[in-house]
Amino acid sequence: MNWKITVAFVLFTGHVGIVYCFNNSSTEETKCMNSSASEFPDDFFTDYQRTHGALILHFLLAVYCFTLVAVVCDKYFLPSVECICTGRPLFANVAGATFMAVATSTPELFMNIIGTFITESDLGVGTVVGSALFNTLGVVSCIGLAAFKVIDLEWWPLTRDCSIYGISLIVLTVITYDERIEWYESMVLILMYLLYFLVMWANTFLMKIVTKFGAGLFGNRVEISEPDESISEVCSGVGPGTYRWNLHGDLSIINMALPTDVEKAIPKNEKEIPETKEEEVTRTWLVIVTKMAWIVFIWPIKFLLSISIPDCRKDKLRMFYPVTFIMCIIWIGVSSYVNGWMMTIIGSTIGVPDSVMGLTVLAAGGSMPEMFSSIIMARKGVGSMGISNSVGANTLNILLCLGLPWFIKGIIQLAETGDPSVSYVQIISEGVTYNCLTLFICVVILYSVVLLFHFKLGKHLGFTCLTIYLLCITFTVLSELNVFFHVNDPLCP
């Protein structure tokens, strides 16, 4: 998927260059907005040094922080949250919709906290919107293009997730229309998350009802299973390896040492196809060099985390899972702060608003773990789990990652001033509402295309979603860069 990442960054830099020239040639603009970089510590380099090559160091540091967050979430944070859930009378879908969902969306939550309280910009909103756009179409395209065979999708999870996500987008569009988020509007998002929690609690009941009416239209694609097992009971039969719970309590198998009875956990229509001899990777010198470079690259991260975070996956350290949880929060917070710092410096240097940096670089970096996990799951024959997880994560990002920081800031302002008229969060970009509408259109397109392909995910559907994704992200970025209409004031020199 390196070519896909390259295309995304080429599009991004190309748009930046075009609009940078456009802004420089315009002499009528009198209004400007200050860069959010002033809210962070001073950079180690001057403007001259950054424009003559030092900016690449900021990109590399951001990439390193993205990698650190991915390792923390996968190796430490998710296992610690699993320990919190283990042994408690929680159904799998309930735990997945609450604890594990919050854990997987913590980077987006921290980024919006930084954008709301520190930079007071659209950095967090852009990150959530950009990640949502990728999770909606990008993940589906990755799964379709990476799968060894056509995957039969279950219609109920996709219908449920797209419906809830679409409703969330409509509400977000309404509350961002006037470019200010009142405290009670953000409270609506939080209440909707509680409602989402109740929907997930009653998932099987709703599935039985909808199946009676939907089976005739979509075919008998839903296998109803009672959520009567606790998390510890489900995990006990899985075996060792790297795994994570998705938003709906399904076990996403990622690079796992498969036991002999793992076929019971894989749908009958998604059995793994054994690799042929032509598909076996030959260990050439290039592969060896690449692996060695990756080992050198990742070693400092693993060393720092190993000495600062107890690995609760080990039996001897399992009792220290509260410490693991707290240390992971600290590491994710620090990494998110550094990422926000680097992105504001990069945006200020090349004259790009924070919302664009969030839509592109921050969203791409934050979505890389989901992309790789989805590819691995697709090649193991469980690609439908990745789609359910990614679309469900979008709902959480909107309702909780955006709603919670906005609500807290609104309440703080209300307590300080006592005036409800000034207790709100200002949206800088005028294009946020258009971006939300774009996301809603993407959800409708995704479901329509999947329905057109009869819920069969293959390379044709993957290529179709990839094309639509590239068109949508291009339109969104160009809109934020004032190509079609004015949405952002230029950065002050």
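Cβ coordinates are placed from backbone N, Cα and C, and glycine is handled just like the others.
In TrEMBL, the annotation transmembrane segment applies to 391-412, one of the ranges 237-258, 391-412. Note on TrEMBL: of 204-225, 358-379, the range annotated with the feature transmembrane segment is 358-379.
Cross-referencing 289-307, 460-478 with TrEMBL places the feature transmembrane segment at 460-478. Among the stretches 55-78, 123-146, 158-177, the one making the largest number of Cβ pairs under 8 Å with the transmembrane segment (183-202) is 158-177. Cβ atoms under 8 Å from those of the transmembrane segment (158-177) belong to residues 136, 185-186, 188-189, 192, 196, 199, 203, 206-207, 210, 214, 387-388, 391-392, 394-395, 398-399, 402, 427, 432-433, 436-437, 439-440, 443-444, 446-447, 450, 455 of the same chain, restricted to positions at least 6 beyond its ends. Residues in the domain 'Sodium/calcium exchanger membrane region' (59-201) partition by DSSP class (helix H, G, I; strand E, B; coil) as 117 helix, 6 strand, 20 coil.
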